[in-house]
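As recorded in TrEMBL:
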DOMAIN    94-244  domain 'GAIN-B'
DOMAIN    250-497  domain 'G-protein coupled receptors family 2 profile 2'
TRANSMEM  253-275  transmembrane segment
TRANSMEM  287-307  transmembrane segment
TRANSMEM  319-346  transmembrane segment
TRANSMEM  358-382  transmembrane segment
TRANSMEM  402-425  transmembrane segment
TRANSMEM  446-464  transmembrane segment
TRANSMEM  476-496  transmembrane segment
Amino acid sequence: FQSQTPGGCLQKIFEEIETITDQVLPLNTVRNILTMAFNASEKIVESSSSASPTELASYGNRVLKTSEKLISTLVKPTDTSASVNFTLPAVEGQVFMVGPQVTLHKMPRLDTTNSSVDIDLIGMSKNNIERSAAVAFMSYVTMENLLKPDFFNTSNDTVKTMMSTVISVTLPKTTNTKLTKPVNFTFRHIREFDHSGSHSCVYWNISEWIADGCYVLEFNSSYTVCSCVHLSTFALIMQTSRPPESDPLLEQLNLVCVIVGLVFFSLALLTFAFCQWSSLVNNVARINICISLLLAHLLFLLTQQFLNLIRPQQVLCAVISGLLHFLFLSGFVWMFIEAVLLFICVKNLSKISSKKRAVLSTGFLCVIGYVVALVVVCVSVGLVPKGYGSEHCWIKLDKGFIWSFLGPVCVILAANTILFINIVISLNSAFKSLNAEVSQIKQTKIMVFKTLAQFVVLGCPWILGVFTDNRKVLEIIFLILNSQQGTFIFLIYCVLNKKVREQYRKFFRCLCSNNTEDYSVTFRVTTE
């Protein structure tokens, strides 16, 4: 078959299977034929970009028909009960047979990796003259590439997603195939579950998926139980609202804003690192805010730019989402630390230096800033191991896992609000009792303004995100504020600081004088 096209090869395999007259075949023979058939069908899928839906459905029907015929050859007469099972990369199968002297009181559940079936085979055997019956259960891993979820025709325009493997249940070599009770199928979700979506238990009918005779019995974020009054080929399909079309202009604006924000994060870090600061100024929180958010925004930007390459690597995607969770959380924890430092500064205007050395050392602050975020992430991984790695390599929405991020953020923003209220009250008291120290109070007011502005800038984007709801103006405001955190930190703590501005002037004067001297030396050498 190697010299033929994939379609011709598969057609040849179909024809060979249809000519099989043996009632019973060895398991290894069935496995080998199925392996060849599914290898050929996978090659068709790889070259199916030009195939029409009718052609795909036709191939799918042939695969189902030949697979069911092959698995029926594994059924052998038995007096009591017997079973046969196999696992291939593209398909899993189980055959269970009961005879007239079966000792089982209840039919065991048939299980594959991602699905299972409960059927009253023993009750059905009693309705047969031979007092025997057999059930064949197959789970197709790649069948959705042929029998696509879009073949589920509905009146509303929705996005249809296959949430399960395609399964097939038949009753080979059984005379009376009438069900004594509905059959229950348990589908394990193979994709992220969306609680806002509509989930349908469907069966395949020649050219389309149909929901008649099947309904959802129960479900959660991990699996769905379907009940059907007939046997066929089944699947679970989720329908979700079609997302709004992406705005290219908004995407370009987002890219430019994030890059600008990253530049100013870098400038702020360089300023904190190389400028001389007063011993009374504690920049530990501000430096770590810049480090956390710079790395978080940079990683997020690179992930979204190369999402098509990263998304198929599920482990890498999950690691990236966990790292983003840690970096963004640490940024908010450092915001809380900055608010606490400001509160202590206002409460102890004349004792901030000693207070800082005695209680809030740099090492102690670093432990709080990063260990708290690390503990939250580790606990989240322990409670919901599969909570990371959504379609966008972020936290999944399953089981409310998103609250492992939103919960701490909401607590921190609430705590910062309370701290700022206390700061305003403390400043009001300071104005009344420290009239002589106007300059000190004025300096404190500047510090309050800077931290308050930082709080607003870092808090508002997350608050606005709740209210955007596809409103273009709010989306743009959210985008700008969320991406320009580095810009505002640089302006507030660097550009608006008088001593830092003086050091900037000295640096640029030195740079200009060096350039002038180099130019003069070059000019003299040239003229000589």
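Cβ atoms are placed via backbone N, Cα and C, with glycine included.
TrEMBL labels come from automatic prediction, so no person has curated them.
Bear in mind that the values here come from a model prediction, so they are computed numbers and not experimental data.
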Mean of the pLDDT scores, which run from 0 to 100, over the domain 'G-protein coupled receptors family 2 profile 2' (250-497)
79
Hey, which bits of the same chain come close to the transmembrane segment (253-275), Cβ under 8 Å, at least six residues off its ends?
283, 286-287, 290-291, 293-294, 297-298, 300-301, 476, 479-480, 483-487, 489-490, 493-494, 500, 503
Per Cβ pairs under 8 Å, the stretch of 287-307, 319-346, 402-425, 476-496 packing most closely against the transmembrane segment (358-382)
319-346
Cβ contacts under 8 Å made by the transmembrane segment (287-307) with residues that lie 6+ beyond its boundaries
255, 258-259, 261-262, 265-266, 268-269, 272-273, 320, 323-324, 327-328, 330-331, 334-335, 338, 365-366, 369-370, 392-393, 454, 458, 483, 485-486, 489
